[in-house]
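Here the structure is laid out as structure tokens; the discussion comes afterwards.
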Amino acid sequence: MSFRKVNIIILVLAVALFLLVLHHNFLSLSSLLRNEVTDSGIVGPQPIDFVPNALRHAVDGRQEEIPVVIAASEDRLGGAIAAINSIQHNTRSNVIFYIVTLNNTADHLRSWLNSDSLKSIRYKIVNFDPKLLEGKVKEDPDQGESMKPLTFARFYLPILVPSAKKAIYMDDDVIVQGDILALYNTALKPGHAAAFSEDCDSASTKVVIRGAGNQYNYIGYLDYKKERIRKLSMKASTCSFNPGVFVANLTEWKRQNITNQLEKWMKLNVEEGLYSRTLAGSITTPPLLIVFYQQHSTIDPMWNVRHLGSSAGKRYSPQFVKAAKLLHWNGHLKPWGRTASYTDVWEKWYIPDPTGKFNLIRRYTEISNIK
């Protein structure tokens, strides 16, 4: 065998060995990326970061991931933190939090999530672009809080969680006392893109709004004097549902173009004013009621025990509150504010802001009075 042939053989073997090592390293890297669940391919609202190295408390790698979407605005950040903390401590499931916020809140949120008490949490911070709402929302000073951009994040779930087939959305004014896996396993009927808790269920008493009648049916949210609403042939007495907590089948959501349907009714409301003038609930409710009319499944009412923020009085017994799977302080009185019912239950899950920017108003007031 000539010297030239020997060199060629050695070169071929060297190249083969190099490719073998490269292939092995590539497989290892791919496995690592899968295990750490990194993802930067979201179109629309952009992921700011993801923390893959969080310690997991005995999570089986074969478990299905449970995406939980929650909006976190700067002035309500403590609420989102308490909600996340309560979910994490009451489950052993593989939960990933998609925390939707605005750019100016991301750093504050990130520093809070780096607290020792929250280091086991797996999360992704997703920036919501308010430009998505241009031409779809009109300014209304009477709506105040519900007009903020993040209120509408729930309409864009397939964009926020692009790779998931199913997800949970919940507001920031909740505390979870049950295992979130049970809510995630809610059975949705064929063709249904979401499951909500209806306002006529037995767990939540009916709310009477001054000037609006009973705020638990469609007529409380939509203006039935408008021809476009009447043409939909929706019964005004139909029980409404609460959009603050729901389970979404994202495959079905995409198939039915739910986001596009919701945007259509948002635009029509800007042009024609289709929502009830006595609307007391969230401004996100009317378009959801239209799109999901007789086309939604239901969740266990104990997974959305609400109206805790409607008054300072305790409308539920301590025993009932303890048995609830999820407590919801919807209404004007928030558990981080001056007064609300069962603030002690909420405060159990609250973690103080390490930056000192967010304070419980009642505590701050008490300290000021002492001084």
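Cβ coordinates are placed from backbone N, Cα and C, and glycine is handled just like the others.
These features come from Swiss-Prot:
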TOPO_DOM  1-7  topological domain 'Cytoplasmic'
TRANSMEM  8-28  transmembrane segment
TOPO_DOM  29-371  topological domain 'Lumenal'
CARBOHYD  N249  N-linked glycosylation site
CARBOHYD  N257  N-linked glycosylation site
Taking the Cβ of each of the glycosylation sites and counting other Cβ atoms inside 10 Å, which one has the highest number: N249, N257?
N249
Whole-number Å only: compute the distance from the Cα of N257 (N-linked glycosylation site) to the Cα of N249 (N-linked glycosylation site).
12
Please work out the mean pLDDT for the residues of the topological domain 'Cytoplasmic' (1-7).
59
What kind of secondary structure is N257 (N-linked glycosylation site) part of, going by DSSP in three states?
coil
Going by DSSP, is N249 (N-linked glycosylation site) sitting in a helix, a strand, or coil?
strand
